Structures are given as structure tokens and as C-alpha cells.
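Note sheet for the following structure.
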Amino acid sequence: MVSVDTLKLITKQLAIYGNSALLISGIISSCANIFVFSRRHLRKSPSSRYILVTSLFDFFNITFSVTTRLMIDGFAFDPFSANSYACPIRTYLAFIFSFCPMSCRCLSIIDRYLCSCRSVLLRNWSSTKVAYRALFINCLFWFLIGIPLLIFTNPITVSVTRIVCNFSNQYFGNYYAYFLNPVAYFVTPSLIMSIFSIGTYKNLRVMIRTPHVGAQRRIEQQFIFMIIIQSVVFTISSLPNGIRLAYTIATSSVQKSTYRVAQEGLFYEVALISYFISSCSSFYIFICLSKDVRSVVLEKIRKRPSILLTTKKNRVGPSINNQLMVGANVNKSFSGTPATVTK
């Protein structure tokens with residue numbers, strides 16, 4: 001049987017290397033999404049708005065939440081828990097950066113379902129104007145819902161050497177642990193993405209049978225397929241975290257041994273890393289599935305050497321031309337009239 005120290009060591013190494021890999025791949029993925037989907041021909045689709053806002057929140061979520069998890073779980077360095085101001089602010093920001101992109105993904109798959117419907121009335125709801133309004137209401141909703149975190153989150157002394165950032169109000173703690181986290185963070189988005197992914201896939205099969213009508217329709221179909229796969233990845237990668245939440249609720253009143261706590265710590269780390277996979281993998285999913293995304297990336301790569309070559313020519317060109325002009329002026333001065341000497 002593996003010892004407690006070995007389990008803790010495995011958990012620590014997993015926290016260091018797993019979160020580091022998430023941090024690097026996630027930053028690249030978010031920045032690449034923002035660059036690709038801000039291109040003019042991809043901006044015409046309402047889905048690009050959802051992807052851009054999701055990628056922006058994913059960037060903040062990865063750089064903030066993953067970095068703090070890396071510091072706390074990997075290096076046992078927690079600069080937030082003991083500070084009465086940093087503790088609630090960190091909890092609030094982590095809440096916003098997690099819940100906003102999650103609900104943006106739900107809005108994205110709903111938009112793709114509406115876009116693929118045969119009903120004109122439903123298709124009209126898939127528009128840029130609706131996307132802006134839905135995103136604004138979504139962000140405002142979570143900003144307001146998270147305000148109690150700023151009030152009820154405080155540093156709590158667990159032992160002489162340990163201070164944790166936790167809820168000071170028991171009722172709010174129960175509301176967060178038994179409803180907000182499991183239901184709003186896992187069950188509801190998983191159900192929404194599963195139901196609308198199935199409906200969108202059925203609509204997509206009908207769309208594929210009909211002849212293509214222009215390039216924009218082809219782009220819309222690519223968006224539909226990308227969002228469906230992204231929703232599937234989100235549901236699968238969030239499953240371990242959902243099990244973790246259910247297990248935490250079920251065993252909240254159970255007396256646990258040191259070995260069991262070490263086992264749970266390892267599983268919790270695996271669940272948290274798994275949950276961030278959907279935030280870090282979206283660009284890699286899109287580039288594998290979409291020809292237009294690949295063309296934007298390849299175009300940027302191909303332009304890079306030509307830009308460098310043009311810059312080099314521009315640097316060399318003026319110096320040669322200047323030398324020729326100087327030489328011509330010198331020859332002209334010698335071939336012209338002699339200079340007069342002033343006395």
C-alpha cells in the first residue's frame with residue numbers, strides 16, 4: 001500500500017507539472033482564439049462573439065486561478081488567506097472567472113442550435129445584437145450573484161500554523177456548497193450543453209444534406225461542429241469535478257483518517273486539473289476541426305518571413321541609394337563649372 005507521504009508527494013508533483021502545463025497551453029489557446037476570431041470574415045457569425053468573450057474570461061481564469069492553485073498546491077505559498085482584503089477579492093475573482101466562461105459556453109451552444117433550426121423565427125434569435133445583449137446580461141448576472149462572496153469570505157484560523165480563506169456565515173456556506181457550486185457550476189451547464197448539443201447535431205445532419213449556399217453558410221456549419229465538440233469536451237472534463245463535489249457533500253460529516261485525506265487530496269487535484277482542460281483546449285479543438293481557422297493561422301505564419309525580408313530590404317535599400325546619389329553629385333561637381341574663389 002502506498003504511504004501517506006508518497007500520496008502527498010504525488011499530489012504535489014501533479015499540482016506543479018499539471019498546473020504548469022495548463023498555464024502554458026491555456027494562455028496560448030486563449031490568445032490564439034482572440035486573434036483568430038477577431039478576423040473580419042469570422043466576425044460575421046454571432047458565435048464568434050461568444051468565443052471571444054469566453055476566451056477572454058478563460059485567459060483571466062487560467063492566469064489567475066491556475067496560477068494561484070499552482071502557488072498554493074504546488075509550492076505551499078498562499079499570500080491571500082491571511083489577508084482580510086485579498087481573501088474575499090481572490091474568491092470573488094475566481095468565482096467570476098469560472099462562472100462567466102462556463103455560461104458563455106452554454107449561450108454559444110444555444111446560439112448554434114437556434115442558427116441550425118429550420119424555423120425562421122428561431123433562426124432570427126441567432127444574431128449579433130442578441131449575442132451582445134445575452135453576453136452583457138450573463139456577465140452582469142454573475143457579477144451581482146458573486147457580491148455576497150465579498151461580504152461573507154474571511155480568513156479563518158484552523159490551527160496555530162494554518163489560516164484558510166472560508167465563509168464566515170454558515171447559511172451562505174451551505175448555499176454555496178450544496179446549491180451554487182454543484183447545481184449552477186456542474187449539473188445545469190452539463191445538462192444544457194448535452195441537450196442542445198444533441199439537438200444541434202440533429203439539425204446539422206439536415207443542413208449537410210442541403211446544398212451549400214455561399215461561404216458564410218459553410219463557416220456557420222464549421223462553427224456548429226466546433227461548438228458541439230467543445231461542449232462534449234466540457235461535459236467530459238467537468239465530470240471528475242462533479243463527482244468531487246457530490247462526494248464532498250456526501251462525506252461532509254464523516255470522520256476521516258489521515259490516509260483517506262491524502263487519497264482525497266490526490267483525487268481533488270486530478271478533478272481540478274481535469275476541469276480546466278476545457279478552458280485550455282478550445283483553440284486546439286477549433287484548429288483541428290475548422291479549415292477557416294487553419295487558414296488564418298497559416299496565413300499569419302506565411303506572412304512572418306515576408307515581413308522580416310521586407311524589413312531587411314528596407315534597411316539596406318536606402319543606404320545603397322544614398323551612396324549612388326552621393327556618387328552622382330560628386331561626379332556632377334567635377335564635370336561642372338569650376339568653383340569661384342572669393343577674395
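Glycine is no exception: its Cβ is also placed from the backbone N, Cα and C atoms.
TrEMBL: automatically predicted annotations, no manual curation.
Computed from a predicted structure; not experimentally measured.
Feature transmembrane segment, per TrEMBL, maps to range 183-202 of the set 163-182, 183-202. Outside the transmembrane segment (267-289) by six or more residues, the chain places 11, 14-15, 18-19, 22, 25-26, 28-30, 32-33, 36, 51, 54-55, 58, 61-62, 65-66, 69, 73, 101, 105, 222, 225-226, 229-230, 233-234, 237-241, 243-244, 297 with a CB less than 8 A from a CB of the stretch. Tertiary neighbourhood of the transmembrane segment (92-110): same-chain residues 47, 50-51, 53-54, 57-58, 60-61, 64-65, 68, 131, 134-135, 138-139, 141-143, 145-147, 149-150, 153, 184-185, 189, 192-193, 196-197, 200, 227-228, 230-231, 234, 278-279, selected by CB-CB distance under 8 Å and a gap of 6+ residues from either end.
130-152 is the stretch from 130-152, 183-202, 223-247 with the greatest number of Cβ pairs below 8 Å to the transmembrane segment (50-72).
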